[in-house]
Amino acid sequence: MTPQTTPTMPLSPEIQRSSSSEEPVGYHRHETADPEKKSARNDLRDDESLQSPPEILTFPDGGARAWLQVVACNITNQISWGYPSSYGAYQAYYTTTLGLPSAQVSWVGSVQIFLAFGICAFSGRLVDAGYGRHAVIGGSFMAVTGTLLTSFCTKYWQIFLAQGLYTGIGMGIMFMPGIAIVGSYFKQRRTLALSIANVGTGLGSVTFPTLLNYTIPHVGFPWAVRCQALMMLVLAVIACTLLKPRLPPRKSGPILELEAFKERTYSFFAAGSFFFFLALYFSFFYINTFAQVAIGLSYTDSVALLLILNASGIPSRALAGILAGYVGAINTFIFSNGLVGVMYFAWIGVRNRPSLYALSVIFGIANGFAQGIFTPALASLTEDPQKMGVRFGMVATIVGVASFAGPPIAGAIVDGTGKYIWAQIWAGVVTFLACLFLAAARIAAVGSAWTAKV
């Protein structure tokens with residue numbers, strides 16, 4: 001005798017929503033459509049040895065809240081990277097007004113950038129553990145108060161501690177959470193979303209030196225720096241209000257996930273990123289002093305040159321994400337690295353003001369492409385967004401070491417030879433070396449398929 005099967009009625013939308021709300025945000029349970037398997041699973045539900053069904057992550061990939069996270073990340077990038085990228089304005093002031101050696105002054109900016117990157121391994125794990133918003137609040141406090149303390153500094157060691165060390169730690173704590181939170185809201189549009197967020201670096205690298213440059217003649221250096229601290233505070237309050245972490249915390253897990261380096265694509269990408277960032281900040285730190293020493297520009301005009309360099313990169317940061325949508329993030333990163341390397345060698349031929357301004361525009365576009373696509377390219381190597389923080393943080397720490405060493409190396413070359421040409425050649429060679437490692441990462445990912453989107 002065939003057993004009677006009780007007909008089932010489809011759940012109403014209200015009941016479905018009520019049921020789904022009991023699952024962790026961003027997840028749903030995988031259910032099988034086979035009635036016999038469902039019955040067997042129900043019979044064994046109380047068996048303690050039975051493992052839970054797999055959890056499948058879902059992504060909004062849009063919506064008001066998701067795009068507000070992009071806005072918040074854009075703002076945190078203005079502070080955590082726009083401000084360090086404008087250090088060339090401080091470099092020019094410290095060397096020309098305070099009379100400090102270029103190599104010595106560049107250590108302040110290098111330490112700041114190193115910490116902004118280097119602490120990402122720690123702050124990334126905080127994000128994975130559910131403390132992303134707390135990290136942004138704490139890091140913002142340190143960045144604002146560190147900038148405020150800088151305004152009272154009169155000696156090199158004070159500048160180093162306040163601007164380089166203390167402020168750098170704050171920026172490192174607040175940088176990573178925004179990137180990871182945006183990554184948890186987007187999958188198909190992740191590259192575009194992160195590229196838009198990275199535009200904040202370009203915006204900050206223009207607004208901060210502009211504020212410094214045009215307030216120093218009116219209120220003096222200390223109050224000009226305090227104005228920057230006030231702008232940081234306003235931006236930080238907005239960002240902290242908008243940030244809304246989405247995923248449940250991953251309570252267990254190491255700060256470092258060294259297994260990732262067994263992936264050849266990840267390892268080659270990390271090596272290529274190291275060499276790219278080793279040379280990157282040479283242009284941002286030294287184009288001001290080059291303009292003053294080699295071309296004869298005034299301090300005000302040299303800072304304006306830095307503004308041109310940074311402003312030119314704003315649209316290219318967004319365009320990098322659009323281009324990556326067609327050819328892939330890693331392909332775009334390789335191309336932009338090559339363009340930056342060419343511009344370092346083109347810098348050797350600059351002899352007058354018009355050529356210097358032209359170089360600054362093209363250099364800014366190339367740097368904007370490379371910096372704008374770095375984060376999306378790195379994010380593309382991680383499928384599980386709950387590991388985004390730690391995997392991103394490890395590479396960020398590696399490039400932090402490169403950013404720490406690069407400007408002082410360039411400064412030592414300039415101070416030792418009395419010329420910029422050898423530093424320009426060094427930067428160009430190092431950047432092309434980065435291209436080779438990134439190409440190796442691409443080959444490790446897709447082999448010899450040269451038309452593959454990756």
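Glycine is no exception: its Cβ is also placed from the backbone N, Cα and C atoms.
These features come from TrEMBL:
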type	residues	note
COMPBIAS	1-22	compositional bias 'Polar residues'
COMPBIAS	25-48	compositional bias 'Basic and acidic residues'
REGION	1-56	region 'Disordered'
TRANSMEM	105-124	transmembrane segment
TRANSMEM	136-159	transmembrane segment
TRANSMEM	165-185	transmembrane segment
TRANSMEM	192-211	transmembrane segment
TRANSMEM	223-244	transmembrane segment
TRANSMEM	265-287	transmembrane segment
TRANSMEM	293-311	transmembrane segment
TRANSMEM	323-350	transmembrane segment
TRANSMEM	356-380	transmembrane segment
TRANSMEM	392-414	transmembrane segment
TRANSMEM	420-445	transmembrane segment
Best-packed against the transmembrane segment (265-287), counting Cβ pairs under 8 Å over 105-124, 165-185, 192-211, 323-350, 420-445, is stretch 420-445
For the transmembrane segment (392-414), the candidate among 192-211, 223-244, 420-445 having the most Cβ pairs under 8 Å is 420-445
Counting a contact as 3 or more Cβ pairs under 8 Å, with residues at least 6 apart in sequence, do the transmembrane segment (136-159) and the transmembrane segment (356-380) touch? no
For the transmembrane segment (323-350), the distant same-chain contacts (Cβ-Cβ under 8 Å, at least six residues beyond its ends) come to 191-192, 195, 269, 272, 276, 279-280, 283, 294-295, 356, 359, 362-363, 366-367, 369-370, 373-374, 376-377, 379-380, 420-421, 424-425, 427-428, 431-432, 434-435, 438-439, 441-442, 445, 452-454
Outside the transmembrane segment (105-124), at least 6 residues beyond either end, the same-chain residues with a Cβ under 8 Å of its Cβ set are 80-81, 84, 87, 90-91, 94-95, 135, 139, 159-160, 163-165, 167-169, 171-177, 180, 255-256, 277, 281, 285-286, 388-394, 396-397, 399-401, 403-408, 410-411
Per the Cβ filter (under 8 Å) with a sequence gap of at least 6 from its ends, the transmembrane segment (165-185) is approached by 26, 59-61, 65-66, 69-70, 72-73, 76-77, 79-81, 83-84, 111-120, 122-124, 126-128, 132-133, 135-136, 138-147, 149-150, 193-194, 197, 236, 239, 243-247, 375, 379, 382, 385, 388-389, 392-393, 396, 400
